[in-house]
Amino acid sequence: MSEKEELPLTLTSIGAATATSDYHQRVGSSGEGISSSSSDVDPRFMQNSPTGLMISQSSSMCTVPPGMAATPPISSGSGLSQQLNNSSSSKLCQVEGCQKGARDASGRCISHGGGRRCQKPDCQKGAEGKTVYCKAHGGGRRCEYLGCTKGAEGSTDFCIAHGGGRRCNHEDCTRSAWGRTEFCVKHGGGARCKTYGCGKSASGPLPFCRAHGGGKKCSHEDCTGFARGRSGLCLMHGGGKRCQRENCTKSAEGLSGLCISHGGGRRCQSIGCTKGAKGSKMFCKACITKRPLTIDGGGNMGGVTTGDALNYLKAVKDKFEDSEKYDTFLEVLNDCKHQGVDTSGVIARLKDLFKGHDDLLLGFNTYLSKEYQITILPEDDFPIDFLDKVEGPYEMTYQQAQTVQANANMQPQTEYPSSSAVQSFSSGQPQIPTSAPDSSLLAKSNTSGITIIEHMSQQPLNVDKQVNDGYNWQKYGQKKVKGSKFPLSYYKCTYLGCPSKRKVERSLDGQVAEIVYKDRHNHEPPNQGKDGSTTYLSGSSTHINCMSSELTASQFSSNKTKIEQQEAASLATTIEYMSEASDNEEDSNGETSEGEKDEDEPEPKRRITEVQVSELADASDRTVREPRVIFQTTSEVDNLDDGYRWRKYGQKVVKGNPYPRFSSSKDYDVVIRYGRADISNEDFISHLRASLCRRGISVYEKFNEVDALPKCRVLIIVLTSTYVPSNLLNILEHQHTEDRVVYPIFYRLSPYDFVCNSKNYERFYLQDEPKKWQAALKEITQMPGYTLTDKSESELIDEIVRDALKVLCSADKVNMIGMDMQVEEILSLLCIESLDVRSIGIWGTVGIGKTTIAEEIFRKISVQYETCVVLKDLHKEVEVKGHDAVRENFLSEVLEVEPHVIRISDIKTSFLRSRLQRKRILVILDDVNDYRDVDTFLGTLNYFGPGSRIIMTSRNRRVFVLCKIDHVYEVKPLDIPKSLLLLDRGTCQIVLSPEVYKTLSLELVKFSNGNPQVLQFLSSIDREWNKLSQEVKTTSPIYIPGIFEKSCCGLDDNERGIFLDIACFFNRIDKDNVAMLLDGCGFSAHVGFRGLVDKSLLTISQHNLVDMLSFIQATGREIVRQESADRPGDRSRLWNADYIRHVFINDTGTSAIEGIFLDMLNLKFDANPNVFEKMCNLRLLKLYCSKAEEKHGVSFPQGLEYLPSKLRLLHWEYYPLSSLPKSFNPENLVELNLPSSCAKKLWKGKKARFCTTNSSLEKLKKMRLSYSDQLTKIPRLSSATNLEHIDLEGCNSLLSLSQSISYLKKLVFLNLKGCSKLENIPSMVDLESLEVLNLSGCSKLGNFPEISPNVKELYMGGTMIQEIPSSIKNLVLLEKLDLENSRHLKNLPTSIYKLKHLETLNLSGCISLERFPDSSRRMKCLRFLDLSRTDIKELPSSISYLTALDELLFVDSRRNSPVVTNPNANSTELMPSESSKLEILGTPADNEVVVGGTVEKTRGIERTPTILVKSREYLIPDDVVAVGGDIKGLRPPVLQLQPAMKLSHIPRGSTWDFVTHFAPPETVAPPSSSSEAREEEVETEETGAMFIPLGDKETCSFTVNKGDSSRTISNTSPIYASEGSFITCWQKGQLLGRGSLGSVYEGISADGDFFAFKEVSLLDQGSQAHEWIQQVEGGIALLSQLQHQNIVRYRGTTKDESNLYIFLELVTQGSLRKLYQRNQLGDSVVSLYTRQILDGLKYLHDKGFIHRNIKCANVLVDANGTVKLADFGLAKVMSLWRTPYWNWMAPEVILNPKDYDGYGTPADIWSLGCTVLEMLTGQIPYSDLEIGTALYNIGTGKLPKIPDILSLDARDFILTCLKVNPEERPTAAELLNHPFVNMPLPSSGSGSVSSLLRG
């Protein structure tokens, strides 16, 4: 019942009658009252009803009280009192519990309403209770507003305060207002504002409050709609939408999607077009991209600007042979640009410029055709073949078309319709055309494929239409606006290029209908006259003159492909209805107008069978006639398939765009074919389609019979007893050639019945051979399919979906280069078989391939899950739609319901849990970059059923932590070979040679760091690779799509500022220094570092450097560049020298500049004194020179007046002024760095006093003024309370140091090295934080200063100090004491032994020092002791207590010999009750003395300090004597020679001479000369081992006992001692190391000669032992002939039953590997070693030997730094997999492991490159890879990682050695000329190589 029919509530005479209140009548009303949609009302007033209706909580019935007699209705009039009196009685009040008497017929007392009437006008009912209204009008009811207890007002459900009694304010609405609002429910009352975060009530019909636009009218002209949001505009005019232009935040204007500044609200300037302009152009998108635009004398040109011409002109600069003409062109166009010449003027200039340059005109036309589909033609004659070269449609004038025809030697075939014909077209009467011309309509055609149309003269239109006054009138709402002027004449030429489609376009004013002929086989249209001049339309007598001349195929040979690809069209003549409805058709880009339904499937086609032209107005008004289209029956319309979309607009049907042709790529996943009339239950098809769609499968459902099928992976054919596809033969014929699976479904019949009922399908093959059809029917029954007879349809559908998913998931995977391994690793983490709910996070930088990997995983495993949900670009979706909407969409997909059914506020947790716990779900959340994006999902994910998996991708690792993801997988970048696959050479192959291309490719790959998105961008960029390579090297700003937009996405202000600072200034700088500066700038550095690392934008290297990938750094710099592309002075950060120079010289700096880093190399210019005055926000200033030897820079001839007070960093090398500016306030300065400056004082006069007395230096932490030669003193630093670092090295004019330095409690580092005029040092006892103090070179410093006890490193070399006070013992934390070249130092206190933490003591050059203190105390930590060039003549006995000593240098200053060192690298604590004491033993008779000692037993290893003796400048191998070892018992005090052995001459100054001279006399005993004494001595030895002499036979056996084992030794080849004598007997010593062939031990002969031998087990060789021994012995025989200073000499072999022994020269310093493990090797040391290795390799290669095993472990070092190649030549007889040599193997060795003749000396060069890399980095190449991966990488040519921190020469040397092609590697002789090998050595004062060993 409607509102107008509502009646007041009355009591009927029926006993229990009920009546519905006014309010509840509205609830029950279907069309009015309160809406049944829950979205229109406040949820607080909703109850849990299944329909979602709002049910009132008050009673909806009014019932007569019990016991009350039924009475007739109370009526008005004079009989009212009588009725009441008659009904009154002595009855009690009917209210329960009331004992009062009833007042009247109401049955109630006065207190309960008896006797009182309702106060509602015209209401005669009794009041209810104590209220003044009856029950129907609110009496007795309470306000339903939440929490309100007042009575309802009137017939409403609310009190007066909450809307009761008030009416809706919406226009003529008479409903009651809802709640506190001024509107009813229908018009917004009770609803909440939908603005995110707003909780106010909606105001007006839209769900927005007044603050957000509710109730406001649109402010756009005469619009009557309601405003949306805060915009003040309705949705039609852009309200609630933002401008789509990037970085624009203004509201969109109208439907354009753009603000007014970017084109919104403006109309297209094309004649006849009423659409809005697109962007900043003057035309809509359709006029720019859909049809060609006009260029004529009227100046109507579509969007071509002077800038377009300038861009093209600059691009073709090289094509101008005359540079002056190019300059003229450029000057003309620039004048046009600056003078603001209009479009017509620009066109005129362009035509003049391109005269005589047809090639440039053609190129410019091609450029414009691609951008705007516009073509400019010259005014004069032009070649006929020009039209064939122009791409796309073009336009020309009528005169130009005549020129084309004349050049083609053709006469135009012209038909001129008479005026009567035109009149007949207007009136609709049939007329026969004549040949008389009419000026109102001119149509010409020719056979050259060009159609020329001249518009009719402008005709006046009706007022409702368009006024024809020569201007384009546009209608906007109720207003008409005068537009642009029509051109006086317009000729349009369309180059169609297809003989099957001839088109005549209507005139721009819409007065001519468009006629289209479609003929697949070039047949004549139906009902066409034989003369070809007139076409009569079917069903109508109306005729229109048109062109029917056929176009020859030869004229369109270039378009042959297009002709073949055209779809067959039905042979009919159609007319396009050109009306305003065409504006609603879809544009070519797929956009649809508002309100139009965007359908996935094409609508049914409709055939036009009759065209009638109806008269719209009287003919005398000269109005236009519109064609009205009439159709046949629906069945015939449905069967129409002419390739075009037909849309219905009211009663009209309009021909739309053609259907898209199916491309060669897959268009659909599944196509379903069925007969619509044959399926009795259409629900089966709909359920099947819905099930497929829920699994993310694209489905094309087709019941019409068409020949062409879209490409698909699965084709489902539903076969019935009466249906089979008409193209079944075609389907089966292409079944084996197409990648498609066909599944037949036999619907309600078996396959047997299907074949038996073949007679029912005769109608399909009446025209074909029955045998083929019978075979086809039989074949389809044998194909895998489904039969639906008694089976449940739901089960069958599930089975079909599963099989379809298997087929789709087995499709060809995307070519993911380098991702397969990572996909498998993630799948192993997912553990699909497990039943737990597991989540995986995929983490990596932007563009690394996270989404691609997730999609591939989804493709692989989605078939195993019941429900799969993929949310792509989740962060963006949340930003656009909001959290609630995204979660509702997510739940709708998981629960498989429609999105509008789910409401977050309505759904219950228990319902979710119960539904989801029964599902096995796969969820992929892509691009989750904020925890808040998935915060609402987290609880839902916990409800998933067993076996569910959640995969989340993000750039932010912290998201995974907050979301409590089980496993996080970091995506790895591509390696070099796979990265190179993504780079496309393109045109570079023509220009670049393979070598140059390879070099550039590697540079680009290094820049990309294996990021696929960056590599794809670099491969597609159109810049030359040479220029691009230079940009990459200098990390210039580069815009990388996708990377640029997402780099700063999600960064807060702190992280963004740190990110840009590092990208521009601080990349690969020490983290602590960067953090110090950033903290001083107000950033939270460590928090920002952590955030950037989590977001994959930054890494912290193992050397504590902040490291940013090159492409991310380039992107960050591009962000800064785009702050102001044209004005560098408006950017926040400057680092480019050219830009900075421009800013300095032209004084264009602004307050926007925050940082300047200028490399002054090759720069020299003058700047004005106030160059920094405008840069008030400058906080980082660094002027430096990258090459120290080049001194250039900025000079200030007039001085410097200003520096910004906000500076945190002032780094200025070669500062040219004597002091800082007076106006400079350093209150914010964190680092002051002025090395090599001309400053004499930092501040002058009052400024100096101000800085020292105030807290202006409170933030200063680092001050460096090194090598400032003119600096005489530094100011007081008492205010710099946070100063931590002071560097005054090289300030040789500095006279004194201020006493204020003692107040610097936080000072850690103080360097005064080279301050030669400094005499006194203030007390530093109170510097409690001081750790490093360097006073070296303070040559006038004579007193030992008072130093803080916390100092760890003290350098005092080169001073005048004579003695070290005993108070040095107070420096309990001292680790290093350097007193080198302290020539006046005479003695050291014994208290020096109390320095328990001292590790290094350098006394080299202390020539006055005569003795080293002797003490029984142990210095357990001392590892290095340098006593060279001192006057110490004898080592104290306490030297043996230095148990941790690794190296001891000792030189006799009088005789310049010898040096004593201890090379052991490691030491451990002595076991209890064990001791170690060094002893020196010898024989004074013949000076044969050895250094001996007891064995030191330690935990885990056995070690004995070894003393190496150097006798001259070079090292003689025979002079090396080693001590100790794994020999049981003590060695004899004197090792004697056998009488038969040859005794070599002992030169003076040799080892023996040295030990004899320095050893204590008591340790030297006379030797025994008789053999008997020697034998007796040996027999009484307690070692358990015996020296057994070998006889004269070839072999001899002897036994060596060691524990419980014994073995017999037999000599197989002569073993030579160091002096050429035979070794007749020997003893095994300590283990030196283990190699690939066996273990290496120290050996000692009976004559005291030490050597090394390799013990190789013969048992490992099996049955091939004998053959293998022969090969080894033959190799050793050859190797023993080699004599070179850089090659370890082989001395011979011997063997026993189980082992082979190979004897070699003993080199005692150890291998290069042990050396770099102990010390970091510098470039100069590695260069020295490399040159010696090359010397040895050259010698070997010249002799025809190949080392085959070059690595640091096989390169031994002597005490003087001489290297010797060892362990070579034997790799040939070893298996590849048995040796760990693969880290250094060359690719050809990997590829041919057993073909030793397949590679040669270049293999050694590759190994040498790896060895040099190992020495420089301290890491074995490929050590981070497994052996299989490493071998694969080497075999494929992937180089090991080469750090960027290496020098250029070192990198070049390594890359030169690591050429993949062996033929490209240089020889060892060629490498000896490389700059890296010839690097000069550092100076060494002592002449010792120990300094080199320390690097």
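Don't overthink the numbers, they just go from 1 along the chain as shown.
Positions of Cβ are set from backbone N, Cα and C atoms, glycine also.
When the ranges 110-131, 1562-1583 are checked against Swiss-Prot, the one recorded as region 'Disordered' is 1562-1583. Your range for region 'Disordered', going by Swiss-Prot and the list 233-267, 408-442, 1003-1037, is 408-442. Taking all protein chains in view, 24 other C-beta atoms sit within 10 angstroms of the C-beta of Gly847 (ATP binding site). According to DSSP, Gly1633 (ATP binding site) sits within a strand segment. Mapped onto three states, the DSSP output places Ser1639 (ATP binding site) in strand. The candidate set comprises the binding-site residues Gly844, Ser1639. Of these, Gly844 has the most other Cβ atoms within 10 Å.
On its own chain, Lys850 (ATP binding site) has Ile842, Trp843, Gly844, Asp926, Thr953, Ser954, Arg955, Val971 as residues at least 6 apart in sequence with a Cβ closer than 8 Å to its own Cβ. Here the repeat 'LRR 4' (1282-1304) has, by DSSP, the following mix of helix, strand and coil residues: 5 helix, 3 strand, 15 coil. Using a 10 Å radius centred on the Cβ of Gly1633 (ATP binding site) and all shown protein chains, the other Cβ atoms total 15. Classification of Gly844 (ATP binding site) by DSSP places it in coil, neither helical nor stranded.
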